[in-house]
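Structure first, then comments.
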Amino acid sequence: MPQARHTWIDALRLTAGVSMIGLHASSDAAGQPYPDATVAEKAFPLIARAFIYTARTELFFLISIFLLLMALDHRPRSYAETIAQQARRLLVPFLFWTLFYAVWNFQKATAFGYLPGYAASLADPETWLRFLLLGESKYHMHFLPTLFGILLAYPLYRIAVSRPWLGLLFVVGLALKREADVYLWSHAQEWAAFPYLLRAVKILSYGGYGLLAGAFYGLFLKHGRGTWPRWALPLAAATGLGLLAIKLWHMGRVMQRGDWDYNFLPGFWADYTMPAILFLCAMLMASRHWPERVSRVAPFSFGLYLCHPIFLDLAEMATARSAFPPTSEFLLEIGFAVIATSCFVLALSRIRSLAWTIGLGPLPRPRWQQTPNISQERRNAHV
């Protein structure tokens, strides 16, 4: 019988949170695959990246939508109430961290010599528009406004709960995203609206992940007590191994080329379908025993996601002054970032006035709205 806490979901949340640290640590300070290093020097961090990147941001999307559909099934709410609640849970912390990183970025800009350009950019309203609409204040902040945009169509995803076959449309969404991205990058890079068009394409095409989350929830309601066909888990695991082999093939090409080789079509499909397979494998094992410790740690995953760039920046600034080879740089950065971010998030969670910034505890309310004995909002419900 599945554990009441759904520990398998907590395990996915924690995996996704930690994987983002490893992902961002497995490139140089410019976000590139160590183009000046030899293949032997950069092999370890890039092979590690192939394993780490099985849990992409898309896994967070699947988890978030799955949990929302589950919550609405248990306690139905109107569309307006649901969206208002999601706006508070997602966009209020987003505004806080947008302002934080806009200031924090001065540290890295000073260390890497682009302070004048960065300071000048903050005087441009367009910069703040991109910060607020696209989440460009830091490389990971895109997640929150993108997720909110995807959630606006949640009534459509509920249709897939009773019609799981609609989940297959996520493949169509990815195909449309691929073609639209290629067209926009080829013909629209000079347009002022270019980044906004890219984001619109992403949100619309990622509706496929919403349908897939709905399909997964429908299947979980039917088979979640361990009544899955015997062949389901072996087939899903074999598919995952096949996709992992393609990802390793892709990383081999990246090592040789010195760039991310975005035009490698098998790599695209392996990258974007692996989160779905990872989610499916965990769901198929939902009725098995999962360590309870996972559920105690998982609520901090949102904080890990939000806060890890602070410590990756510090690590990058420290290693930039030394001639560390890529493997040593990767191990130092990921080791320091995981430990330091974990300690920082734990400390934030114990400060009542700041815990809401990482999805723990109630969001701040105007004094006139405060009433005694207000129950806490569900902890970290959005991831």
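Quick reminder: no glycine exception, Cβ is built from N, Cα and C everywhere.
As annotated by TrEMBL, domain 'Acyltransferase 3' applies to 7-348.
Residues or ranges marked as transmembrane segment in TrEMBL: 50-69 (among others).
Among the features that TrEMBL reports, transmembrane segment is placed at 90-107 (among others).
Per TrEMBL, the feature transmembrane segment maps to 139-157 (among others). Long-range contacts of the transmembrane segment (139-157) within its own chain (CB-CB distance under 8 A, at least 6 residues past either end) are made by residues 20, 24, 31, 57, 60-61, 64-65, 68-69, 72, 79, 82-83, 86-87, 90-91, 93-94, 97-98, 101, 131-133, 199, 202-203, 206-207, 209-211, 213-214, 305-306, 308-309, 382.
TrEMBL lists 200-220 (among others) with the feature transmembrane segment.
Marked as transmembrane segment by TrEMBL: 232-252 (among others). Residues 46-47, 49-51, 53-54, 261, 264, 266-267, 269-271, 273-274, 277-278, 280-281, 284-285 of the same chain, all 6+ positions outside the transmembrane segment (232-252), place their C-beta atoms under 8 angstroms from a C-beta of that stretch.
What TrEMBL records for 272-290 (among others) is transmembrane segment. Remote same-chain partners of the transmembrane segment (272-290), defined as residues 6 or more beyond its termini with a Cβ less than 8 Å from a stretch Cβ, comprise 1-3, 6-12, 15, 53-56, 58-59, 62-63, 66, 170-171, 174, 209, 212, 216, 219-220, 224-226, 228, 232-233, 236-237, 239-240, 243-244, 247.
Residues or ranges marked as transmembrane segment by TrEMBL: 330-348 (among others). Within its own chain, the transmembrane segment (330-348) has Cβ neighbours under 8 Å at 18, 21-22, 25-26, 44-45, 48, 300, 303-304, 307-308, 310-312, 314-316, 319, 324, 354-355, 357-358, 360, counting only residues six or more beyond its boundaries.
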*asked:* Give the nonlocal contacts of the transmembrane segment (90-107) in its own chain as ranges (CB under 8 Å, at least six residues past its ends).
replied: 115, 118-119, 122, 131-132, 135, 137-138, 141, 144-145, 147-148, 306, 309-310, 313, 317, 356-359, 363-364, 382
_Considering every residue in the domain 'Acyltransferase 3' (7-348), what is the mean pLDDT value?_
95
